[in-house]
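Per TrEMBL, the features are as follows:
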{"type": "ACT_SITE", "residues": "GLU276", "note": "active site, proton donor"}
{"type": "ACT_SITE", "residues": "ASP409", "note": "active site"}
{"type": "ACT_SITE", "residues": "GLU518", "note": "active site, proton donor"}
{"type": "ACT_SITE", "residues": "GLU543", "note": "active site"}
{"type": "BINDING", "residues": "THR629", "note": "Ca(2+) binding site"}
{"type": "COILED", "residues": "120-151", "note": "coiled coil"}
{"type": "DISULFID", "residues": "CYS472-CYS504", "note": "disulfide bond"}
{"type": "TRANSMEM", "residues": "50-70", "note": "transmembrane segment"}
Amino acid sequence: MPSSSYVSLFDSNMTTPALLPLSGRRIPTLSPGAASFPHHRATLRLSEKFILLLILSAFITLCFGAFFFLPDNSKHKRFDLGLEDVLIPHIEAPKGAKHPGMVPGFLQAEEEESLRDKIRVDHERALQEAKEKLRKSRDELRAEIQTEKSKVVEDLKKKKEVPKPLPPVPMPKVVGVNDGDPVEPDVKEKRDKIREMMKHAWDSYRQYGWGHNELKPLAKKGHSTNIFGNSQMGATIVDALDSLYMMGLHDEFKDGQEWIEQNLDFSVNAEVSVFEVNIRFTGGLLAAYYLSGQEVFKVKAVQLAEKLLPAFNTPTGIPWAMVNLKSGVGRNWGWASAGSSILAEFGTLHMEFVHLTYLTGNPAYYQKVMHIRKLLAKMDRPNGLYPNYLNPRTGRWGQHHTSVGGLGDSFYEYLLKAWLMSDKTDTEARKTYDDAIEAIERHLIRKSNGGLTFIGEWKNGHLERKMGHLTCFAGGMFALGADGSPDDKAGHYLQLGAEIAHTCHESYDRTVLKLGPEAFKFDSGLEAVAVRQNEKYYILRPEVIETYWYMWRFTHDPKYRQWGWEAAQAIDKYCRVSGGFSGVKDVYSSNPTYDDVQQSFFLAETLKYLYLLFSSDDLMPLESWVFNTEAHPLPKERAQTIVEWRGLEQ
């Protein structure tokens, strides 16, 4: 923070010009032949030297004392006299004067008298102020100092540089942001129930965790994790805005908007996850802007994006996993394969950054994400698969571990959605997606002995027959990408999406609570069941319901609404508490314990996808909107706009 400094006229280090010792001064000698005066001494006695020194010292002290008591006036100017800087009052020269700023020796008599009067008045005022200060108590002086400090802080805030106004850009035509009322009364009743669950989650957060990132619904207080650093940035508020808007909860939306206007500040000393903050905050703010048209959301999104850009300052341009919003210093997670960046993190920036370039006119955002794509295109891929780890210093793959679940998932999702968002003109993204899915089908997708299709994980040349809850999003991705598939394989990928949806439903149906575990295996006679205790939890995740919604939109098969309603009922029965909704630690136990966290993505994704599942298709039509990986909808852009952006990548 810039600070002003005040320099004392005379400090303890200030010294006077050195006086040569008298013993070192030479007295001129008489020339030969001159009359001599033997009674005159050629040198001074020691006592005379001492007296002379005292006189000189007194004179110097008097001079400096006089200058010390001159009033501190901003109208004084410095004049360099060679050895010292002496303060001389500055007098404005009369109009037409040849020498403006003349020193007092050249002033007229009346001007000198006026100057003396002014100095006398200033001197008396300064003495009076000093006397008043001395009369005050210590507490009064402290209070006065604190008041002055507060005033300085306020002045500095006011003097902060005003953000550069964003260029005016056409607002994309938004359709299907309201209504969506289903025709069937029973479906409408279910949708109303989802809205009520949303209101309970929001109201609980509003009451017990307002301004915090998330909520502890049992302890009834705020909660945060290291992905948000140590700062209270209201993650739940930003993440939930578009859900509130879609559900017609406009009073709640307005409360969130007011908090963002007054409190959301990204110039904080907090180390955050670039990925999580991008998908939740940048995505959430952009979606809120496009839905409501309120400029504050666009401005805040751009302010955050500027804070994320330093994360790309690596030798390869692959961003760090974390960045300090204040200092711009980045680093990677210590556990991530010898300091590697993670595929799903640096590969899940494209959608938001393309929109940032559109809204700001700044090509840097688009160039950053396109550079990542170009770098990956040049690299060798083992068996055509993308490993989950890439070292940002060397540009080499880390551990050869490939997953469509955690660490890899949204990289593939954003390749497909980059193509969709470009109005299907970004053919490079589509081909990269198709090639990746072909390799995934060849090496990772298998059928179990019981006929369940699952997506395993590739580790060092071997397939691990385990599927995570996060991987269940892929059913919806396959269905979304079916149209436009090569070799007329649209039907194949729609069927593949349906098979993944069925497998994930089985992982829910085979538990006591009818809620899915974090991960489940397909070996040793067990299918779609969690084995380890640390994989039996459910933390309000949305991926299975997300796939149900996409499959409903593309097939209108009623089983997807039925499966979604089963999940909604289970959440309401086993996860609902008086202070909100909580995850549970064991979905196979009839008496589960709570983890006491209401995740922000529960409001952003889980409840939103349930609400859309029981709405008509004209609410957020997929022909007009593309959802980011946090379920924040962004409008499809005109093909011409994307073509113009593609000219920026150089």
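Note: Cβ is positioned from N, Cα and C throughout, glycine not excepted.
On a predicted model such as this, the values are computed, not experimentally measured, just so you know.
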Candidate with sparsest Cβ neighbourhood (10 Å radius) among ASP409, GLU518, the listed active-site residues: GLU518
Nonlocal residues around CYS472 (disulfide bond), in sequence order (Cβ under 8 Å, 6 or more apart): ILE500, ALA501, THR503, CYS504, SER507, GLY516, GLU543, VAL544, GLU546, THR547
From recorded positions GLU276, ASP409, THR629, the one whose Cα lies nearest GLU518 (active site, proton donor): ASP409
Averaged pLDDT score, the coiled coil (120-151): 71
